[in-house]
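The feature transmembrane segment is assigned by TrEMBL to B:12-32, B:52-72, B:79-98, B:145-164, B:185-203, B:209-228, B:235-255, B:351-372, B:384-411, B:417-438.
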Amino acid sequence: MAEFNQSRQITIRLIIAIVFAIILVRLMTLQLFTSKYAKLANDQAILRKIVYPSRGIIFDRKGKAILDNVTMYDLMVTPSQVKGVDTFALCRILEIDTAEFKQRVLTAIIKNSRNRPSVFEALLSPAKYAKINENLFRFQPAFFLQERPIRSYPFKAAAHLLGYVGEVDSGMLKRSNFFYQMGDFAGRSGLESYYEKVLMGQRGIQYILRDNFNRPIGPYENGDFDTPSVAGRHLNTYIDIEVQQLAEKLMHGKVGSVVAIEPKTGGIIAMTSGPTYDPNELTGSESRKNFSRLFVDPASPLLNRGMQGVYPPGSTFKPLGALVALDEGLITPSFGYPCFGRYGPCGRPACTHSNAGHAANLSLSIANSCNSYYAHVLRMALDNKKYGNIEGGLMKWKEYMSGFGLGHRLGIDLPGEYSGYIPDTSRYNKVFRKGGWSSCTIASLGIGQGEIQATPMQMANAMCLIANRGWYYTPHFVKDIEGETKEDTILNKYRQKIAPLHIPNDYYQAVIDGMEMVVTNGTARNAAIDGYAVCAKTGTVENYFKGKKQQNHSFFVAFAPKDDPKIAICVVVENAGFGSTWAAPIASLLMEKFLNDSIAGDRRKAEIDRISNVVITPARIRYEMHRRDSIRQAKDSVQRKRIRLDSTAIGFVRSATTLPPQQPKRELPQRVNWFAILPADRFNFYTYTQPQQRTA
Amino acid sequence: MEKQATIGKGVDTVTVLLYYALVMVGFIAIFSVEFRMGDSFVQSLLELKKNYSKQVLFIGISSLVAVFVLLTDSKFFTAIANLLYMGGILLMLLTFVIGKDISGSKSWIALGGGFNLQPAELCKVFTALALAKYLSRPETEFKTLRSHLIAFALTLGPAVLSIAQKETGLALVYFSFFLVMYREGLPAIYLIVGFSFVVLFISSIVLSFYVYAGALAFIVLIVIYYFWRQIKRNFVLLAALLLVYFAVIGFKWFVDNVVFDKVLKPYQAERVLNMFGKSYVPKSPERIALFEKEQASGKKKDYTYNVKQSKIAIGSGGFAGKGFLKGVTTQGDFVPEQHTDFIFTAIAESFGFWGSALLLGLYFFLLYRIISIAERQRSTFSRVYAYSVACILLFHIMINISMTIGLMPVIGITLPLLSYGGSSLVTFTILIFIMLRLDADRNMVLR
């Protein structure tokens, strides 16, 4: 009977063919016409890991490493393996309690899931590291130590210059065109930032296969697609770390700055800003805390006053004024001016003078810092017939200032340099209206007061120009880069001599002679160094804060030796009084340290201790500190009141919780999406609305 | 008796070659799932610790079993068919008493030494023999309703037991015998009705109630229009039509409220509905309570994870595949149960579309070969048995591959000859080699 149904084999064969055809078509759509699965597979299975090279090291002029890479250790935990670990022993070593332990494990799970390692304690202190390393076998495999290279600063100095390395923020991510990624570390200020590309080296990329629990299982394709990392290159700088340390010691307790430059190269020997901080504070586990403390400090320790502090240069400006007048042919080195202590010709006492000296010739006028002389010299320059009216004269004068490196950024190799300010005609036209001002109105410019503003860096650079008799190199820190090639163009601009002015050597000589007299028998006799001809100029700068006159800034510029200049320096001590009192001895000690490598004589050594122990806090900062303390006090008292209120409120809440509020019965409609009818915060469903605050 | 000297005589070489080709593909696939760069291949092969090394052992055992089957006299199978069937049923019942729980289904009997036997697998062979025996009886007249019902009972009995053991996948396979019965003269209406239910089931999931009722009403109107004359003569027809209409609408209610909410487990319902882009919304109070609890605890399992990963693995293979041992999804253990039920994903990821198509070709060729073998039998017993082999294989392949590519919900069922596992491999070996033994004696008339 079966033979009758033989034709049915065709139906069955057809069914089989149809089933296979459907499967094949489906496979085609999945494998040939859908591309998303390939991406999904790689996304979940291949981890793109960036390999960070070690950062380059920065050396000082004598080859000492002023910063270094040290390896610290993070204690890592894999939460899924914690069971069975001797928790007590670990807690004893880390000095935490078991509640804290549980909390940290929980945080790790939330952050990074159970199966992936997370940081349990970052940057272990050496003592804890030693103890844990010894006992690690007791905590493995749940806990392990992971290397983490960080910066260390063996000299605890030069914080402002070196800058710090920190996590990149969102602004930086965008600016870098997403070269950096979230969580990357990069130089955030100072040399670390300016030479970031050199120091960072080249990041490598590793592709790692991972499994369904996100555990790495090995390199992808034997690492054929990986790029190796290239270590960062070292920097050799002009910094003399011992001078830098001494400068920071001398500036201790004071607000101000020291900038020392080698005139022949433009290399910066030292640059301090007081108050400063230990750069080690911004690395390691406490860095965030320390940063915020420094950030809100009223004395702004994060500000690098060497290039970001702008001051009227005061009398230290006088040698420049003399050079302008000499070059314009308005005076000769033998030009003299009666110095009566007040400047009369303008009808009213324009320049008060606290050092009534003699100004029989140029040298003496510098040595005795005669205000009238320089007010007069400035007026001569401004009213020069050659340039028509005063506006022409002022513009010419500004041109000279620009040639001296004032009023614009020098372009040093630190980010965030300030430009200072040299006023021009538009400024005065705005303040006094056009034609409403004369050389008398602005005569104080001649003695470096008034609208003129310069950074200590600019003044030190101007000293270089004088010491070199007419030229300078843009001040910079880095001498050369390890393995420098033609492609490293970053240093090119520092190797070009800048000589914008063509003032004859004789005029420089005259001014330099005057500056030498400042030390030999002028205002700064305490700045002399045995065996060296020091040329200098003091400054005592009047200044105002919110319209209120403050104690004078103590200014001092100098270079030495006279004929073969090796160091030019500018010292500013804010609100410390006469230039000769504080700034001059500081500069003198630093120059001696640099020239002789040591300080000679017990008297000089005692001087170091004397200066470094003096604390001079400007009144405005004292006021700010006081204000901050008062606010904190007020806040504390509010807080205390609050706590009292809270304790009554707690009693109130407790009585409320004894009667749980009635939940309205929910009627469930047919065929509804559950997520739509559940409240947005489902987990908080049973919290009741806060009762109204009772008014006492 | 001289036959025993040449057991190879009359055995279909093509089928044997296809069998070994597929077994080798299976070994390669299992190997690629488990082997990691740096493992010692020889050592793990000898230590029998890895699945692929155990599979080598299973292949060896299967070959031995194959030889024994080929050595057996064909008449033995006809003689013992009913006995084996009864034994199989008894074994399945026995699992309820001494069964071992493996991944949620209590369908295994421990054999000792870490090896387990799944009687439901073996029972497929016994059912095929019993059906062949029944249909080949001279007194069976496979036209009567009575004979149909007996055949249904024979085949669906083990299916019911499988469902009771929570092996839904294996139960489905027993429906493949309907195709065999169709070949032997079962009226096509059975298949059409069965197919209609599948269509109704799917449309009741996909369509909303009003569209479903409206579409059916439309069909009813068309039927009334075309058969208006008959209906005018006999209004009972109209009544019957309306009765069917309401029954079918009732079917949707049944599917929505009973099948998904009572019969299927939540995860099964989720998987079935997910295939059609729907999510499972519980309706019965106890299910709602369960659902709420899962939501609140935040530990709701993603029941569609398997098929997602399976599709990623297959889809990422592309045309050429990623190469042997280079499939990142496979190497990263992303697909659960990849060495057993999801072994196809390993092939599809490593060897891409051409590899999968080649594998499908092998299967297709095997099935067509078996049907050709079936059709050349002189005895009904051998033919029915060979058809059973083809249909069982077809259902296994269809369900398994369809579930990996998202055409069917995830049901635990092996890919014949490829999936890791002794029970499965040995069962299919016996299944195929009995057929080859019978085929070798195709000139004998067996009853």
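Cβ atoms here come from the backbone N, Cα and C positions, even for glycine.
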Cβ contacts under 8 Å made by the transmembrane segment (B:417-438) with residues that lie 6+ beyond its boundaries: 11-12, 15-16, 19, 22-23, 25-26, 29-30, 51-52, 54-55, 58-59, 61-63, 65-66, 69-70, 72, 74, 77, 115-118, 121-122, 124-125, 128-129, 339-341, 343-344, 347, 370, 373, 377, 381-382, 385-386, 389, 392-393, 400, 446
Residues of the parent chain within Cβ reach of the transmembrane segment (B:52-72), under 8 Å, 6 or more residues beyond its termini: 4, 7-8, 11, 23, 26-27, 30-31, 33-35, 44-46, 420-422, 425-426, 429-430, 433-434, 436-437, 440
Intrachain residues whose Cβ lies under 8 Å of the transmembrane segment (B:12-32), provided they are six or more past its termini: 51-52, 55-56, 59, 62, 324-325, 327, 330, 339, 343, 346-347, 350, 359, 362-363, 365-366, 369-370, 373, 415-420, 425, 429, 432, 436, 439-440
Selection from B:79-98, B:145-164, B:185-203, B:235-255, B:384-411, the stretch that has most Cβ pairs under 8 A to the transmembrane segment (B:209-228): B:235-255
